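Taking it in order: structure first as structure tokens, then the write-up.
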Amino acid sequence: MKWLSPLFLLAVCWGLTFAFAGLALALPKTFDLLPVFLAREGLDPAAFTWLGGLWVMTAMAALLTGNLAARVALPRPRPWRHEFNLPRAARLTAYANTLFLVTTLCWVALTAARNGGLASLVSLAAQDTLGARDLLLQNKLFTGMRLIYAALPATGCLAAGILAAGGRSLPRRARRGCVHVLFLNGIALFLLPVVMSQRLLLLQFVLSAYLVTCLIRRRLVGLRWLMLGVLVFLSVWTLRESLTNPHFDRPAMDIAAQKLAFYFVNDLWNSFAPLMAEAPLTLGAHSLHGLMVLSFTDGIFGPMLANRVDAAQGLRGGGEFSLLTAPYVDFGPFGGATTLVAAGFVLRLAYHRAHGNLLWAALYAQIGAALLFSSHGLYVTHQNSLFSMLVIAALCRLSRMRRTAVALPAQELLAHARSMPDRRRAHA
């Protein structure tokens, strides 16, 4: 399944980024709103220099080096192992998904109750989506509330993996539970981004569910379902952009297409611009931020690195640094290249293990989905992605089959008993 390897997914992502960004910049009459969006974020196209392109190629070469090292060092992939009780996994996944959905809906309901009711919140979202999002963030039920919402792609991915692994042998009740998880998460992630942003969660859900199915089936399957998922994502994109850009007297599709082109240009700009100026190294503040958040050490390292992070803000436009550039901003050219070599090795290791069981297939599906929009940000190590992987690992751990002693045939037991006196005399 070379089509699902880390390098191929990265090639797809960055190939599309360069293609769409180049097309948008080359056709200024068609994408006439692009200069407006660029000026709004203070982005200068002069940042697209040969030095930035050289770093992107160096970063890709570093990932390739780590990938090749892993291919040489790792043995042949093990055959697929049925290590999990799939009906139990389906039941636990449905329970966890219900918990995440109910908690998220309680969050929305509480916010609506405190601010004039659900109709008022919907009206605010239609007029000022950013204001509605800020209102929700002010009414979080607890610290880390957004991680609960962000875990919906994880349970959806695992449900898709269980359906693929179980096939027709999966009990009807378990199959129905997994289908319900996929349906409910699809509806929730279609509607909630309109007021809560986080549109990438819908894309993460669609891509990871598709990738885990292909990994388990060992072939590309259901391309029509993938296309349907992408169309759903683009529908959410169009709806939100038409709401967040009400000042343009344009059709919603035109605004959405031009804003999408701007995102590709902006992402590429964030990968090139850090090579134009110097700033103090941020020492892992971008590459390891998700790990700091989940380990509750961001309160320790955040103040220590605050000045460095503030200085690095001028090196990017909107959004975040990409997978290829965040290590450079954190550790410099040599440290960044070394980090990417290690990342290439780890990514290949995860892909290698994904051929072995449901757990690693689902984990790699999360990683692979993040690689498919790695030009937009370092989502692989984002706290949302890491928490999703922890959820998958916990559910699979609780679903692992118990090892039972295998009864030996009577002749083997008799031969073993007869050999015991001989062993005792030999030891004497």
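Every residue gets a Cβ built from N, Cα and C, even glycine.
The feature transmembrane segment is assigned by TrEMBL to 50-74 (among others). The list of residues near the transmembrane segment (50-74) in space but at least 6 beyond its ends in sequence, with Cβ under 8 angstroms from a Cβ of it, reads 6-7, 10, 14, 271-276, 324-325, 327-328, 333, 336-338, 340-349, 352.
Look at TrEMBL and you will find 94-113 (among others) tagged as transmembrane segment. Counting residues 6+ beyond its ends, the transmembrane segment (94-113) has Cβ neighbours under 8 Å at 120-121, 135-136, 139-141, 145, 148-149, 151-152, 155-156, 159, 177-178, 180-181, 184-185, 188, 192, 195, 391, 395 in the same chain.
Residues or ranges marked as transmembrane segment by TrEMBL: 147-165 (among others). Here the transmembrane segment (147-165) has Cβ contacts under 8 Å with residues 82, 84, 86, 89-90, 93-94, 96-97, 100-101, 103-104, 107, 174-175, 177-179, 181-182, 185-186, 188-189, 192, 196, 198, 201, 204-205, 208-210, 212-213, 216-217, 358, 361-362, 365-366, 369, 383-384, 387-389, 391-392, 395-396 of the same chain, all six or more residues outside its ends.
Annotation source TrEMBL lists transmembrane segment at 177-194 (among others).
Among residues of the same chain six or more beyond the transmembrane segment (200-216), those with a C-beta under 8 A of the stretch's C-beta atoms are 1, 4, 80, 149-150, 152-154, 156-161, 163-165, 182, 185-186, 189-190, 193, 222, 225-226, 229-230, 232-233, 236, 354-355, 358, 361-362, 364-366, 368-370, 372-373, 376, 379, 384-385, 388. Sequence annotations record features per position, and here TrEMBL assigns transmembrane segment to 200-216 (among others).
Beyond the ends of the transmembrane segment (223-240), by six or more residues, the same chain brings 129, 186, 190, 193-194, 197, 199, 202-203, 206-207, 209-210, 252-253, 256, 260 to within a C-beta distance below 8 angstroms of the stretch. According to TrEMBL, the feature transmembrane segment maps to 223-240 (among others).
The transmembrane segment feature in TrEMBL is assigned to 331-351 (among others).
Residues or ranges marked as transmembrane segment in TrEMBL: 358-374 (among others). Listed by sequence, the residues of this chain that lie at least six past the ends of the transmembrane segment (358-374) yet keep a Cβ under 8 A from its Cβ atoms are 4, 6, 9-10, 12-14, 83-84, 86, 89, 153-154, 157-158, 161-162, 165, 200, 203-204, 207-209, 211-212, 215-216, 322-324, 347, 350-351, 380, 382, 385, 388-389, 392-393, 396.
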Long-range environment of the transmembrane segment (177-194) - Cβ separation under 8 angstroms, sequence gap at least 6: 90-91, 93-94, 97, 101, 104, 108, 125, 129, 149, 152-153, 155-156, 159-160, 162-163, 170, 201-202, 205, 209, 232, 235-236, 239-240, 243
